[in-house]
Amino acid sequence: MSNLFAEPTRQSPVAIILLIYKYFINIIRQFWPAIIAVFIGQRSGNVSNLILISVIVVAVSALIFAIASYLRFSFKVQGDELFIEKGVFKKSKLNIPFERIQTLNFEQGLLHQIFDVVRIEVDTAGSAKNEFSFNAIQKNLAEELRTLILERKTEIEVVEPSEQAEDLPIKEELKTIFSLDLKDLFIVGLTQNHLRTLVLLFFFALWGMGELSDAGFDLDWINKESATALIESGVVIILSLVFILLILIILGTAIRTILTYYEFKMFRTDKGFKIQSGLLNRKEYAALDYKIQQIKWVNNPLKRIFKIHHLQLKQASSIAVSSKKSIKVPGINLSKINEIVKYLFRDKNNYSELETHKISVLYLYRNLAYIGILPWVIIFGMVFYITNRPESYFILLAIPYFSITTWFAYRKWAFRINDDLIYTHHGIFENKNNLVQLYKIQNVQIHQSPFQWRRNLANIRMFTAAGSVLIPYVKYEEALKIKDLVLYQIETNELKWY
Amino acid sequence: MDGFSNVQIQLEEIPSLGELNYVPLERKYLNILLLNSLLVFIISIVLLVYLWTVIDKQWFQNNFQWMLVGLLALFVLQFLFAYKSFSYKAYGFREADITYKSGWLWRSITTVPFNRVQHCEVSQGVLDRYFGLAKLKIFTAGGSASDVSIPGLLLDQASDLKEFILEKIKTDE
């Protein structure tokens, strides 16, 4: 095959625009309180020139930087390596051997789609230093590059037959195993945890107000009088405000869900999975079977109505566990999940047929005392002692709430284990399911608090390369047994785990 | 809880961790632990006395002796804690893994199989160097919360253990 990339090649000039955008966003992100402060201060004098000058300086320097880094960036293919030169002030050269490249992920934002370019993320097996991305490369060129790398890569790997072929040429025919249409997406958007968004928004608003008043905003009108006025104007108004906000949040989430997961498709490749999704920003991610460390699926009361789950296939990553490395599948039902699990476990095991174990009931008693009751009694006591106001009794309302959630948590805790896998199920309002192949575990920890060792109980935690699995309040002897079983599986298994 | 019957049978062939003989840490390491808490104590006393000379508040001046007593009580507790927890720190080797346990009140046992070790490191602090001790750190892909570090080893011992583990990793590959 002829080498299109023998000579140093630059990215598409579109990269300049993207870089300017990136720098601008970065600058604004760093200095936004200052920027707002400058705008506020405008009234108090002759600052408008200053603003104009600083805007021009920022814009020009972003432009110069973008052009310089575009000109300084080049890549070529040399032998069996991808060779990259970059850096404006500090020149750096990067060699990425093909056999180290795990996958090339393509991504297209709106701008990318207009100019028919793609962003490439090169995912390597090595350290974070070698993770690498191209900002914008012409699409046909990018595809050329991908085929070139993957072909060379398989050639190398044929020489060493012991190595598994790591990735496949993408052109191979793929089997669609799961897809979402607009109706599914709407349900997914509808059933997100909107209350959490509301609470987050509330705290964000509080934080933002702090920031803004730091920046010199006049926020005094929000204080006491306006607040009491608001409360006096009636619970109805507050409730309807919350209601409107909730509707807005639901709409927003629905739109966001549709944007991110539009035309979601999941494929089964020879040795892994691949997903494609997105409306404005079309993304494509791949995960190989042996890199998947944990299989997680969650539902909430709303999702339960529609019998759907949110599935995550968590991958081992060279960088510390990042959400980007896991494949997310929204709105998937249990039978589809079991199908995917079957692919991964090669039909060997059915976790759902194993015997279910519960955790010790002392988990309930202990948490009832220490989460459900004691802290609230103490807080109530202190508040009542200090303020001596009858409103303090409201604090005691926390007791039934936290007692009930503790009871839910205890009731839901369950796990299943055999000599291939461990499955845990827990949650309070949600149902969190977690499935791990034993040989994917890195190490095992047993913890005992004074309460636990006096009653011969223990927590056992198993770490994988993508997060850990915890089982609380099992008998100490059982924890030891689980630990030895897991260790035995790790130590006798020679399957590749990363 | 009556479970595990199916697992139990298979487990009988598996070497149980119970057979593992734990090796206590070097006695000299206790000195380091105690010295460390003494050092913290001295620094906080110095800090308190310094504050006493600077802060000119009545309540601070009046209660100064009680603060000293409180600090002393904390120190005694910390000293006892260090002394007590030392005897709970130990490590043990099996053919295919290494285990480290610690904690007097909050106990933990961590086991790392050799075929999951990413790399090892021997490190020495200032006090370690004075006593000729070292710390062996073992890293896995499980993240920093799961990495094991075994303090209070003789320097030679620590390097030998490191060599031993690295050798194990090599033969696995």
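Numbers run from 1 along the shown chain.
Each residue, glycine too, has its Cβ placed from N, Cα and C.
Pulled from TrEMBL, these are the features on record:
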type     : residues  : note
DOMAIN   : A:70-149  : domain 'YdbS-like PH'
DOMAIN   : A:261-344 : domain 'YdbS-like PH'
DOMAIN   : A:410-485 : domain 'YdbS-like PH'
TRANSMEM : A:20-41   : transmembrane segment
TRANSMEM : A:47-71   : transmembrane segment
TRANSMEM : A:185-209 : transmembrane segment
TRANSMEM : A:229-259 : transmembrane segment
TRANSMEM : A:368-386 : transmembrane segment
TRANSMEM : A:392-410 : transmembrane segment
Rounded mean pLDDT for the residues that make up the domain 'YdbS-like PH' (A:410-485): 93
Contact ranking winner - A:47-71, A:229-259, A:368-386 against the transmembrane segment (A:185-209), Cβ under 8 Å: A:229-259
Surrounding residues of the transmembrane segment (A:229-259) on its own chain - C-beta under 8 Å, 6+ positions past either end: 182, 185-186, 188-190, 192, 194, 197-198, 201, 278-281, 330
Helix, strand and coil residues within the domain 'YdbS-like PH' (A:261-344) as assigned by DSSP: 24 helix, 38 strand, 22 coil
